[in-house]
Amino acid sequence: MVDSQYYLPNDIGISALDCRVAFRLLSPKEQMYAHYLSRASWYGGLIVLIQTSPESANIYVLLQKIFRLQAPQQLEAAATAAGLSTEEYQAFLVYAAGLYANMGNYKSFGDTKFIPNLPKEKFKALVWESLAFKQSPGDMETLWGCCCEPLYSLEDKQKQLGLGEKGISAYFSGNCCLEDAEFAQKFLDSKNLSAYNTRLFKTEIDGKRCYEVRLASAEKDNCAVEGKSEVCCGKHEFEDSVFSVKRGDYAFLMEKVCQNLEKAKDYAANENQKRMLEEYIRSFTCGSVEAHKEGSRYWIKDKGPIVESYIGFIESYRDPFGSRGEFEGFVAVVNKAMSARFAQLVSSAEVLLPELPWPPAFEKDIFLKPDFTSLDVLTFAGSGIPAGINIPNYDDIRQTEGFKNVSLGNVLAVAYATQKDKLTFLEENDKDLYIKWKGPSFEVQVGLHELLGHGSGKLFVQDDKGKYNFDQTAVRNPETGELISSWYKGSETWDSKFSTIASSYEECRAECVGLYLCLNKQVLSIFGHEGEDAEEVVYVNWLNMVRAGLLGLEFYTPESKSWRQAHMQARFVILRVLLEAGEGLVGLRECTGADGRPDAVITLDRSKIYTVGKSAIQRFLCKLQVHKSTADVEGGRALYEGYSAVTADGTHNFLRLRETVLLRKEARKMFVQANTYIKGDAVELVEYEGSAAGLIQSFVERFPDDAEEVEAQLREMTCMDSSCWC
């Protein structure tokens, strides 16, 4: 029996993202703009297959070839002929849908591998029975041979993403370990090169370590990047090793992205959008993160666009070292009614920021009012779809030039709907309340988390010229009362300095800001909650957080003592902080469920949220900010890893509770997205049903003009590096 965490259940929730009304409200020009941005995003999204695992792209191609000739309904007869039961065929469809939705065979949320929930010989029999196999038996057999072993393998190292012996990562060749990642970061820092759009490959020649740093770019030649005095491409001696910096990673796909961004430019609404796209094209052509930063600056200046988008190597959650960005691209349409509430929150930010529990010197000198909009997603290409985003992730831009926040309204509408009979770990009298107020409370939490969580706090920096952005003779550590003694120097960034814990630590800080400020009556009023309703929103927001902390145990791997999901680690840390606060604020007890199996119940004393709870979050949040502001990696790591520890000791046996959580876990929902096509002078929107078959069909129809060329290129890219993970 395979552990259920390694396959997707047949009844997994699959919902269509509804954007019909939002799309139809766009003008023909805006629809064209959205269409070409979507095309760029979908082509770029395929890069995630290459970034996720060595086998993901081959599995994708195998499935595409099967479904292109036979839609799921037509393939069913072949499945029956191959001896699959109805349940086994559904498991095959769910696996395929999961691979498309996660852009690879590892879950985007949790980084665990998932394998087909049907016997390997049945999967093979279906491939052999398919029309694709009958038409091209040699090619299909070769493809099957490339991916059949890793498709089902659950060797310890292959169970999750990770570095070295801890897991699989296609950001690094298989022989790299944490020390290599740290050493490469030192080299990149010395050349003032960002790791965001890179991968690292290690070889040994004549006993000397040789590293290849690959930059994602359409250009394969080592062209000079405009505006940069030093061209870093080429060979560099560094300490006892040789680094070779090369362009051209994912070149075919990067070229496709650039071609579509070029077409989108013709339909840009203003000069900022045009300049933004020009810089993105420059970035993706030559592999320059500086150009992407420049594009992001124009993006920030493009206030309140009707069609909002962002594209590039953005989030570093899935790089085990925490520095390399996964490709994503989204296109969305503004929801004006909900955006008005967020605009009001932005207007109140300068009043709310001083409420945060750190001294004024630890806050940004000027709060740069961002755009904060609610969007209905048309396209979100990548490994998964979040509920809210705060970007860009470049700290030097965020600190001095600003950022944007988005809340994804049509994702929130379907992602967090919960059925009472599937609601775990709550007392019966909390369940109805939770279902009623989960949506409204999460909307408040997302707003605060993105705007005032990620948008707050200052980093103390001494730049390359020795200039400080703070008064080192006056700024004191509120924890010790002494002058601060550490800060960021030169090209050091939050990600490069805090590396492996940076993402989760920052998510924890933002979640704490949400919990802390949702107690503010003004905030609740902005979202339309007054009186008793406002109190219910606060209660359910805090209750949801402590329950999420318990659910987070699913994403912890005891064997490697590592966390696989930044947000869930953050929520577990908050649960630990609130349990430690004592005085009966949070209760967590193990019990036996009605089904006779192990269960647990988590409770929250609402009368103590504003006293015991607020005080605990206040103290913890201040510590998080001080370590972050002062680049105190040692102190920050000790604090965060202490609360992140999952043990059997103490009041709660969290290792045993993890088994209970796994026993009762509910699979994360998958989303079906629409496609757009140009018909004559107009753009047509095609939507699909919210099912595994609908999700599959949406991908089969996603690349109507060049699917076979795209697949051939994916195979070539995979084949070129296959020896790096043997």
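Numbers run from 1 along the shown chain.
Note that Cβ sites are derived from N, Cα and C of the backbone, with glycine treated the same way.
Just so you know, TrEMBL annotations never went through curation; they're auto-generated.
Its own atom aside, the Cβ of His449 (Zn(2+) binding site) has 28 Cβ atoms within 10 angstroms in the protein chains shown. Positions annotated as Zn(2+) binding site by TrEMBL: His449, His454, Glu507.
Under the heading active site, TrEMBL lists Glu450. In sequence order, Phe372, Gly388, Ile389, Asn390, Asn405, Val406, Ser407, Ala510 are the residues of the chain that are 6 or more apart from Glu450 (active site) and have a CB within less than 8 Å of its CB.
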Neighbours of His449, His454, Glu507 excl. site residues, C-beta within 8 Å of centre, Zn(2+): Asn390, Glu450, Gly453, Glu506, Arg509, Ala510, Glu511, Val513, Gly514
Spatial neighbours, same chain, of His454 (Zn(2+) binding site) - Cβ under 8 Å, 6+ residues apart: Asn390, Phe403, Asn405, Glu506, Ala510
For Glu507 (Zn(2+) binding site), the number of other Cβ atoms found within 10 Å of its own Cβ: 22
